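Comments concern the structure below.
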């Protein structure tokens, strides 16, 4: 009997020790190269489904469709799997911008701007093909781009962040949000302002002719990407003119999904990610996703190639500092980082 009890104690202790070991952070060395893909892919969005990561972005795909889709199992080696959406026969759209995908109940919803107005397409698989819904999301708005669907983990409710134009203080494009109906497309209730321009680095263009007048300074805040971490809501955004080195990423923080959102660390320049002479040009329009260690968040963004002929998909880890989240050693080229990354 004593021998049996001793065996149980040994087994229990072994299980306890194994449990302790499994609770410890698992170290992982991640090697990758920016850009992640040699083709044109701007405004990148990454979604994990099962064992695979899928990346979507603005651009014409090699198969003649819109929005290249990349896939990776290890988060470092990415392959092209097809274009997400065939160009529409009706309405005939000139521009297709900024795709993002949300998964709900086995369906995949792709949000994109067609000629500067939000639309949605749906598929049964993250690699598509996606079928356009045939409707505008905000038919009464002259301008709505950069849609981002976010499920609030506190309530389970889906919200839709997007960029629209404002015409009062620091006029220009800025961020708004609205609750989504169960069809994942229909706005419900009032549109709430998330974040307005508040700094000169967010000026898109001076003396800009638009809406039948000339604006002394037209600002741009766009490309919302929201995560919930440690009880806070972090709304990453891009500001300035995407065509210039002044483009960059800031982050506004709130205690509630509806705000108010405040960015206290981007008064003089983009606080999360900005151009670095000789290393990075015009980084922005990002998404945020947990890396393969399940602990380290990565910012996935585009930056210009050296001759500024193409925007390409890049990524770097995020560190969390007293001055807010920061991209860790952002640059193009070959990278190696050990995860999990400190900074909390």
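Each residue, glycine too, has its Cβ placed from N, Cα and C.
Annotation source TrEMBL lists signal peptide at 1-18.
Per TrEMBL, active site, proton acceptor is recorded for 43. Every protein chain shown contributes to the tally, and the Cβ of residue 43 (active site, proton acceptor) ends up with 29 other Cβ atoms within 10 Å.
For residue 222 (active site, proton donor), the same-chain residues that are 6 or more apart in sequence and have a Cβ closer than 8 Å to its Cβ are 145, 146, 163, 173, 175, 237, 238, 239, 285. Residue 222 (active site, proton donor) carries a strand DSSP state (E or B). Residues annotated as active site, proton donor in TrEMBL: 222.
If one looks beyond the region 'Disordered' (325-344) by at least 6 residues along the same chain, the residues whose Cβ comes under 8 Å of a Cβ in the stretch are 25, 27-35, 234, 236, 249, 251, 271-273, 276, 279-280, 283, 291-293, 295-297, 299, 301, 303, 314, 316-319. Feature annotation from TrEMBL assigns region 'Disordered' to 325-344.
Sorting the region 'Disordered' (325-344) by DSSP state (H, G, I as helix; E, B as strand; all else coil) yields 0 helix, 10 strand, 10 coil.
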